[in-house]
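Listed features, source Swiss-Prot:
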- Glu176: site 'Required for function' (SITE)
- Asp214: site 'Required for function' (SITE)
- Glu237: site 'Required for function' (SITE)
- Lys239: site 'Required for function' (SITE)
Amino acid sequence: MDFLSILPPQRHCTSELCDNDESVQAIISALEYTGLAKILTETFSADEFVEALDARLLYIAHIILSCKETNVPINTDTFLCPLAERIKVDVDDLNAGSLKCMKVLLHHCTNRYFIKIVEKMTRGQSSNLLWFLVRNELVTGSSVVKQCSYKPGLNSVAHGIFRPASRFEVFGKVHEPIVRDVIATFVERRPIPVSETLGLLIDPFSGTFGASIDLCYGIEEHDDGFVTVGERAHVYEIKCMARYIYSAADVEGFLDNPTLKGFASLIKGATFPLIEHRLPGATPSSGAHIVSHDRMFETNRKRKSIYESNDYVRRLLNINRGVKSTVYIFREKPQPDERDKLTLECLAKFTANIFLNARHKYFDQTSMQYFVVTQHYINDHPDPECIEPDTLPRVSVVTALFKTRNIGTHHSLEVNHKTYPNSAIPFALIVTPVAFDAEILSVFLRETFDNYAQQVYNKSKIRLWDPNFLRGFVASHRELEKTP
């Protein structure tokens, strides 16, 4: 079965609200007419210095007020009621002209509370219209490229929402929930902390950087619906490899006797192997997201031997070269006492020298996730100055490989008590921990912030600033001094 051909076409935003084109188009038109620069220009004087977090909250307030005024069916009161309480006005009196009233909130550390509200309101990510709107003009993993460089979004908000999703994106959206449940069942062996996909996480100190997380353990959802990041949180970035869907016949022999050597042979059999082999000290290409020095993954294909890389990339490659990934191998089997359902069993688990390629765009994405989640951990910690480096968040990339179903098998797949009809079958997960360098990441983030602030100034003549947003991040990576 060709799963890519039978998946129904989708728009990039799968929210049912997008079917109400008149309402959605109204809010999109309002945002594209104004934008962050125009909001700042109308609120502040030329050359005035504005903290980046304050600027972000003004823009988010504008977005949510625009949703209210254009009757987009979003519960805007979740954000507007606490906002009205803070600036001492009636929530029904809040409108686009109220933004200047928000100047009384400038420089308030309690403004970080609104960042938590945004996360709660944007759960579901691409199935949530507000996630697209609030994400606009944020620095995210998709707007950074090639380490220490930044490019603003070139496409309009409307393009991001209404563009057709590629068949690979659709495959990922359909199968990512399955992988989350596989991780919960076989890797973490505990329930998923937040039932819905986490919403947009915005850096609570700068308000400039954002990240969307596929799955995170070590967070806690409280009675008010807000989440806090605890010690040793573990972020899983899921990659469903739609380009590598194996037929059931191709993997049957391997699943009968799963070994690391057999897995390597399966990987090498692809026209463009998923895992790129490189000798120690050699620089990988930017095409494959995972690399190995193990000769088990070596192919006879000729590869370019020299690739350009800067000192930062070489340092990142060096600290990741020794990383060991864990490979899980699965096979479907009939669900006991339920003949019309399939479940998964773990056939084997082994470790291998497979690490994330610092030249690949996924490294930029995971770096942003690591930074933003760490900032939330610092913000949520009762005593940030006492944070130990070994309590900081971790990030792993989960590469999921799928196979077609056996001929004649049409039963639903059940994983973690959830049912998935007509899906491909996950038969391998490669869980790859990622190592980061706080010094390199801090340099990149500072350069990115300055670049972003300059672009905002060019459009608005307002100077965004935040000289200290990296202070806690840098300090948290230093070992605490031992007291006698």
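Start at 1 and count along the chain as shown; that gives each residue its number.
Even glycines carry a Cβ here, placed using N, Cα and C.
Mapped onto this structure are the features recorded in Swiss-Prot.
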residue: Glu176; record: site 'Required for function'; Cβ contacts under 8 Å, 6 or more apart: Asp214, Ile238, Cys240
residue: Glu237; record: site 'Required for function'; Cβ contacts under 8 Å, 6 or more apart: Ile213, Asp214, Tyr362, Gln365, Thr366, Gln369, Val395, Ser396, Val397, Val398
residue: Lys239; record: site 'Required for function'; Cβ contacts under 8 Å, 6 or more apart: Gly172, His289, Tyr362, Val397, Val398, Thr399, Ala400
